[in-house]
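Notes for the one structure printed next.
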Amino acid sequence: MFIDGQQEASIYDTKGWPQRSIEDPQLESSLKGAHQGFVETGLQNLALLRRYIPNRELRIEGHTIGRRTKTQLWVVYLEDVAHPEVLLELQTRIGQIDIDAIINTGELAELIEDNSFSPFPQFIVTERPDSAASHLLQGRFIVVVDRSPSVLVAPATITSFFQSVDDYSLRWLIASFIRLLRFTAFIVAMFLPATYIAFIAFNYEVIPMQLFLSIAESRERVPFPPLLEALLMEITLEMIREAGIRLPAPVGQSISMVGGIIVGQAAVQAHIVSNIMVIVVASTAIASFIIPSYDMGTAVRLLRFPMMLLASLFGIVGLTVGLMMLIAHLVALESLGTPYGSPLAPFRWADMKDTFLRLPLWTMNKRPKSARPIQSNRVGHKEPEGDAP
Amino acid sequence: MKKYAFNEITPMQYTLILFGTQVGTGVLALPRVLAEKSGTDGWISIILAWALNSVAGLLILSLFKRYPDDTMPDLLVRLFGKWLGKLILLPLLAYFAFFSWTSLVRGLLYVKAWFLPKTPDYIVMLLLTVPVFMVVRNGLRVQARYSEIVFYMTMWMPFFLLFLLSRGHWIHMLPLFKEGWWPIVKALPTTLLSFLGIEVLYVLHPFLQKKQYAVHGFMIANGMTGLLYLLVVIVCYVYFSPDAITLYNQPVLSLLKEIEFRFLERFDMVFLALYLLVISRSWVPYIFSTVFCASQLLGKQDHAVPAVCYMIATIVLVFLIHPTWNESDMWVQYQLYAAPFLVYLLPLILYLYVRGLEAFRGRQTP
Amino acid sequence: MDEDNNLLVSASSPVFSREAEIKEESFQVQTLTLRQSRDEFDKLFTAFPSAGKVQFILIGKRVLEHPDWFPLLDVFFRDPRNSVKARVAMVDGSAYDVVRFLPSNKPRLPLYLTKLFDTAYRRNLTVKTSLRELQRQIFERGMTPSISKLRKDDNLIVTGTALLDKKGKYALSIGSEETKLLRVLQDETQGEFSFTMTYPDKAQGGLFHLGSFSFSAPAISVKTKAGYADNKFKFDVKIHMRAVLTERHFYDIDIRREGAKLERVIEQQMKARFEKLIGKVQAAKIDPFGYGLYARAYAYKPWKTVQDRWGEAFSEASVNVNVKVTIGAMGAIQ
């Protein structure tokens, strides 16, 4: 654009392409949070973030990767809060990517994560601008990938996958209760079938006589060992779940009806599985649905199987060894050089206010340490040093 | 220059590693061992052992205070030169390796006796060493986190013993000093053994982030251990008859058999299974010390390779030897002979040597 | 044990099968040890019997009449997978009769027995001696064991407590009334204690005992002191009971004003009962109360000389029981 009397001309990007309007996020719906989700246009996503944080410290850094696709990435962070070391790490890792195409945020996450053999997600991938903004405010980094409706949040800790935006709009007592419920669900989903197998197949001494008798009665005509019985049910369940996701909504519902109710009922009546096993498997499934992050939920679903195997081979010792390995893995895991197990290990007492519980907002005037902010006071801000030239 | 800056640990982690190293399988049998030697007055020797151990720990710390960035291998090399230093390091390495081995074997024997009598022992050993290796191959920081998280997960365990106090007979504790002081002193060596673990300070100290808390952390860790042992021993004495307690090889586990819930019987099995976490927490620093010393001896920075070698060696040894309870008891006895030299005497000699050196140099450079 | 003094072990195990009419299997084998008996049982039962879930150990009276039967139970303590919570009881008669007992209106035998003894124990009509507790009582020099006792007529009846001597040999039987007193003297005062007695002046004939009254004692405190003088152990037992009147058949005592009179009556009668029980026990040269513990705690020197024959030493000891009763409540009517 040329302006009369000016010596410079401005060039404006007026490219247009088909784009989706801003809608409710599909994967992470919320009750009380905002109903705007990210879309496939990166610039629009940046605009959404800017709307939440109209602050001069908000930095946006562009990168281009993908030899063929020339995908644009933007690293977004608050300069006076986010840790420069983490930024450097993130920049280096993005700089080292040499690939022909990046289609989705998930691909990016896999390319820059610390340990690709871990079942656990090392970055939060969200499609909610409000939760992305709140992570920014805690001192984390956001990577917006053009053409992808979700953004990457780093560094992540294991506990951050159990938080949801709704927690902060509910009463804190209720939100704390729900948080505890999620952690319980995590443990149940990971260990319940394995514990059941261990107790039934190996360490039946542990079960009191009366309970033992009723379990034994329900199992009396089941021809399979407990492991096989559990695997049968778990795999059926996973299939039903997978079938339900890809099918259109109305069909998907009837699948879960057929799968859940009819197959379960028939299997018990045919004495292929015992009804206690159906209860175990069903409660495990429900528990794994409670975990708010889909990525974490799938990790738990997968880890259940090695646990079951260990339990059926070595009883409760196998279970403990499984737990030990899980802990060993979690404490060794890092996300962008930040300990993944934080704030549990290394333990940070101050962060406990917003981990298992969600204490009232006025108690949380410090940013959580696990995001490694350089400015720990939430209300703190850098004094402007005169007018920028 | 700070060699170990990258793997610094917080004072909290330092404390919990120390505590974790001290508390292992020994406590399960401790009440019996004490009762054999000194009857119901055994708890007094715990207090004595605690005090002695505190002194020893303070001595080690005051030695390292002079060389805050040195581990024991560094210090030995610094004081005695490369060859002599490494020569002195050898017995220490052997001690750590042997200690880790006996403690692993103990864990193995417990698991075999309580849970998996039919599984071959080397498979059980494999099962136990895999998670430990997953922790040890990483830096000290990761091990510190492991100790920390295990501590929080198992904190509740001693409190279950309190349930049984109400069913106990306090009359067992009377009279005090029933046979005088001699039996109490006689039990001291064994009691000291259960307080061992402070020797990981040899490698731990330079990693501590804030050195000013070294003494605090040590005193807290040692104090927690002492309190825990006191609790366990007193509960066992109050619950079991003084005439019968020596019957039980592991009085703590026999005690836990008594706890029963509506939905859970045989609490000792669940407890022991979870106690494996605690035991593994004591393996980690010992094995780390072993492989750390080994890598220093070989002049390597990375300790993952020695760790793998050590793990494979233990499994192969178990396969070859098939250790038994009696052998394990014998090995613990050997430790009892070796520990005073390396844990109590070595720091004392080094301390005196360093002081002597300082005095000597002080005179030389006016 | 059969007529030729061979050891007979029998076991009952639940059967999980729709086809089987009867829910239990029970067999009897003749062996040397319990562990050996398990091998025999493996040949008989349709499943593996597992000692990890043993609920009850019933011992026939004839076994108990021989000393040194206790080592037979060693297998339960040695294998850590075994439970030590199983309860031990003496059967007045043949244990196999009880094991074979298959009442149609009762739950499976182990559950039935557990329930039966639990309720009796809660009322302090018998003692609750698990394997572990029995082991303690056998090895503790300061006391002798006591176990539950039952008999099979048409039904199973808990008949009180069997007191054994130091070797575990059967020494004395006491009924359920005396068991209550035993429990008090052991200072195990949980559960319910209910005593019935007769008011002395009102014991006039008639079909109904009009002089009777009952009370329960929700709070009993027992203080035992031991001493040694004149080559004899001396025990001073102070029992303080809070009594709650639960029943009385006479109305001519105004408890509000004359409560003290009733208290004295109870005190006297309780003291007499305690002394009678202690006399009986001393005559049998046993000490189920655990007074040896007190002797050790308060008179260690003399105790050391007699600790291996405490039963005899106790039979010569003098026990002074002092009962104090306070009526705490009289119920809803006067």
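Glycine is no exception: its Cβ is also placed from the backbone N, Cα and C atoms.
Per TrEMBL, transmembrane segment is recorded for B:12-30 (among others).
Sequence-distant contacts of the transmembrane segment (B:42-64), counting only residues of its own chain at least 6 positions beyond either end whose CB sits under 8 Å from a CB of the stretch, comprise 31, 34-35, 70, 75, 177, 184-185, 187-188, 191-192, 194-195, 198-199, 201-202, 205-206, 214-215, 218-219, 222-223, 225-226, 229-230, 233-234, 237, 343-344, 347-348, 350-351, 354. Taken from TrEMBL, the feature transmembrane segment covers B:42-64 (among others).
Annotated transmembrane segment per TrEMBL: B:84-102 (among others), in sequence order.
Summarising the annotation, TrEMBL assigns transmembrane segment to B:122-140 (among others).
Per TrEMBL, transmembrane segment is recorded for B:149-167 (among others).
For the transmembrane segment (B:187-208), same-chain residues at least 6 beyond its ends with a Cβ under 8 Å from one of its own Cβ atoms are 2-4, 7-9, 11, 14, 17-18, 21-24, 26-27, 30, 33-34, 37-38, 42, 45-46, 48-50, 52-53, 56-57, 60-61, 64, 68-74, 92, 95-96, 99, 140, 214, 217-218, 222, 225-226, 229, 282, 285-286, 288-289, 292-293, 332, 335-336, 339-340, 342-343. Marked as transmembrane segment by TrEMBL: B:187-208 (among others).
Under 8 Å from some Cβ of the transmembrane segment (B:220-240) lie the Cβ atoms of residues 15-16, 18-19, 22-23, 27, 30-31, 34-35, 40, 42-43, 46-47, 50, 53-54, 57, 158, 161-162, 164-165, 167-170, 172-173, 194-195, 197-198, 248, 251-252, 254-255, 258, all in the same chain and six or more residues away from its ends. TrEMBL lists B:220-240 (among others) with the feature transmembrane segment.
Feature annotation from TrEMBL assigns transmembrane segment to B:270-292 (among others).
Annotated transmembrane segment per TrEMBL: B:304-322 (among others), in sequence order. If you look at the transmembrane segment (B:304-322), the same-chain residues 6 or more away from its ends with a CB under 8 A from one of its CBs are 97, 100-101, 104-105, 108, 121-122, 125-126, 129, 132-133, 136-137, 287, 290-291, 294-295, 298.
Counting residues 6+ beyond its ends, the transmembrane segment (B:334-354) has Cβ neighbours under 8 Å at 56, 59-60, 62-63, 66, 75, 79, 91-92, 95, 98-99, 102, 189-190, 192-193, 196, 198-199 in the same chain. The transmembrane segment annotation in TrEMBL covers B:334-354 (among others).
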Which of B:12-30, B:84-102, B:270-292 contacts the transmembrane segment (B:149-167) most, counting Cβ pairs under 8 Å: B:270-292
Long-range neighbours of the transmembrane segment (B:84-102), counting only residues six or more past its ends (CB under 8 A): 72-73, 76-78, 196, 199, 202, 283, 286-287, 289-290, 293-294, 296-297, 310, 314, 317, 328, 331-332, 334-335, 338-339, 342, 346
Chain residues outside the transmembrane segment (B:12-30) and at least six past its termini with a C-beta under 8 angstroms from it: 103, 106-107, 110, 143-145, 147-148, 150-151, 191, 193-198, 200-201, 204, 207-208, 213-214, 217-218, 220-222, 224-225, 228-229, 232-233, 249-253, 275, 278-279, 281-286
